[in-house]
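The following block contains the structure, expressed as structure tokens.
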Amino acid sequence: MNIVILAAGMGKRMYSDLPKVLHPVAGRPMLAHVLDTARALSPSRLVVVVGHGAARVREAVAADDVAFAEQPQQLGTGHAVMQALPLLDDSQPTLVLYGDVPLTSAATLQALVAEAGTQRLGVLTVEMPDPTGYGRIVRDAAGSIVRIVEQKDASEAEKAIREINTGIIVCPTGHLRKWLSTLRNDNAQGEYYLTDTVERAVADGVETVSAQPAAIWETLGVNSKLQLAEVERIHQGNQARRLLEAGVTLLDPARIDVRGELSCGRDVTIDVGCVFEGRVHLEDGVRIGAHCVIRNSTVGAGAQVHPFCHIDEARVGPAGRIGPYARLRPGTELGEDVHIGNFVEVKNAQVAAHSKANHLAYVGDATVGSRVNIGAGTITCNYDGVNKHRTVIEDDVFIGSDTQLVAPVTVRRGATLGAGTTLTKEAPADKLTLSRAKQLTIDAWQRPVKQPKK
């Protein structure tokens, strides 16, 4: 099967320099969602018709399985499909989709393709409570589709029809090529309508059939930021429903954003306002507090992520305790029962089991052993202004508060660093190391007195 995706429109009502089909739904361009659905149908040829912002669209979705056709002037849907004809295989039917209709399911399209077979024209239609603005499906007394009339060209009787054309069609490619060559633009819009192929099919004795989606929202197009927001909420509602049906506890299903793939084990609980980006896996018994952002990460079984944490390309081990207000940056790997507390940042560091950094610390480019206590205000000074260097902290180390470890440096097993230490060379095992200015008390000192203003 050939699949053609129309993605040439300007999107004037978006009031944006970004091509319409690149506006995101769930963090990804609308067109990317349509391409994913198209690929689920295993097409032999996949063609995207570009126009407005063509270079940006090509760059955004370029792939080995995608060919591009260009529509320099946007002269209607029929004209757009004409541009793809040289890239199509006439021995296969062609399915036409739209880059600004991101929620259509593969199951709905498969049903349409099955209904049409290889010899019939198939149209995806839907009954709308208010069909204003949409092309109407006109049927004869026997219920057969005879034509599609656009809103601006419809009579009053035709405007009363509630069954509308979604624009998605499938038909034999040879017939499509013939019918497109006969299209005229003598209509209110002055455009070449793809929908006019229905009348050509009827005239040629080609049966026209229809299929309907499981839900109206599958066919919603986006022409404004308001419609984009509506589609986003529908999509997020669908994601929330999927999670709930899989046994995840969402404290408010209306306040979660999944911008990628979120998979969960058993007895997972997610509080309000959380955002999941990329591929995220939450293992059994995980609890995510309110307003966390988690991207391309795994959270181990029984771990708790307290509110307002940011976790990016990191792995939290089983029974971990993160936050509140903690940040785990790329390359962070935490072992079992590791505690990363409030206002602690960890970057490109491996922290072994049962270690803790509970307050106000930066652990970057470091290897931390087991049962290590990192005191409040501890900083791994990993950057010399040009290069990054690593800090190694072995098992059972105790680091006092307000300590700086100037990398590259190693703290040996069982060592203790006194509060306020600036460590510039290796701290030996099982010993106390500290560097601290001598404390002085100046008996004759007096606090300055504020001078009156003149």
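Here the Cβ of each residue, glycine as well, is placed from N, Cα and C on the backbone.
Source: prediction; values computed, not measured.
Take a look at what Swiss-Prot says about it:
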REGION    1-225  region 'Pyrophosphorylase'
BINDING   6-9, Lys20, Gln71, 76-77, 98-100, Gly135, Glu150, Asn165, Asn223, Arg329, Lys347, Tyr362, Asn373  UDP-N-acetyl-alpha-D-glucosamine binding site
REGION    226-246  region 'Linker'
REGION    247-454  region 'N-acetyltransferase'
ACT_SITE  His359  active site, proton acceptor
BINDING   Ala376, Asn382, Tyr383, Ser401, Ala419, Arg436  acetyl-CoA binding site
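A description of the local structural setting of each listed feature is requested, covering burial, neighbours and distances.
Non-local neighbourhood of Asn373 (UDP-N-acetyl-alpha-D-glucosamine binding site): Ser355, Lys356, Val397, Phe398, Ile399, each in the same chain, at least six residues away, with C-beta under 8 Å from its C-beta.
Secondary structure counts, DSSP: the region 'Linker' (226-246) has 20 helix, 0 strand, 1 coil.
For the region 'N-acetyltransferase' (247-454), the model's pLDDT averages out at 98.
In sequence order, Gly341, Asn342, Phe343, Val344, Gly375, Ala376, Gly377 are the residues of the chain that are 6 or more apart from His359 (active site, proton acceptor) and have a CB within less than 8 Å of its CB.
Sequence-distant neighbours of Ala419 (acetyl-CoA binding site) (same chain, 6+ apart, CB under 8 A from its CB) are Gly375, Gly400, Ser401, Asp402, Thr403, Leu434, Arg436. A coil conformation is recorded for Ala419 (acetyl-CoA binding site) in the three-state DSSP classification, outside any helix or strand.
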Roughly how many Å separate the Cα of Glu150 (UDP-N-acetyl-alpha-D-glucosamine binding site) from that of Tyr383 (acetyl-CoA binding site), to the nearest whole number?
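Cα-Cα, rounded: 64 Å.
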Give the sequence-ordered list of residues that share a chain with Tyr383 (acetyl-CoA binding site), lie 6 or more positions from it, and have CB atoms under 8 Å from its CB.
His389
Would you kindly give the Cα-Cα distance separating Asn382 (acetyl-CoA binding site) and Gly99 (UDP-N-acetyl-alpha-D-glucosamine binding site), rounded to the nearest Å?
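That comes out at 46 Å between the alpha carbons.
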Whole-number Å distance between the CA of Gly76 (UDP-N-acetyl-alpha-D-glucosamine binding site) and the CA of Asn382 (acetyl-CoA binding site)?
58
What number of additional C-beta atoms lies within 10 angstroms of the C-beta atom of Asn382 (acetyl-CoA binding site)?
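By my count, 23.
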Minimum Cβ neighbour count within 10 Å among the binding-site residues Gly9, Gly76, Gly99: which residue?
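Taking Gly9, Gly76, Gly99 as the binding-site residues, the minimal 10 Å Cβ count falls on Gly76.
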Could you check which of the binding-site residues (Leu6, Gly9, Arg329) sits closest to Asn382 (acetyl-CoA binding site), going Cα to Cα?
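Closest by Cα distance to Asn382 (acetyl-CoA binding site) among the binding-site residues Leu6, Gly9, Arg329: Arg329.
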Could you find out if DSSP has Gly76 (UDP-N-acetyl-alpha-D-glucosamine binding site) as helix, strand or coil?
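Going by the DSSP assignment, Gly76 (UDP-N-acetyl-alpha-D-glucosamine binding site) belongs to neither helix nor strand, so it counts as coil.
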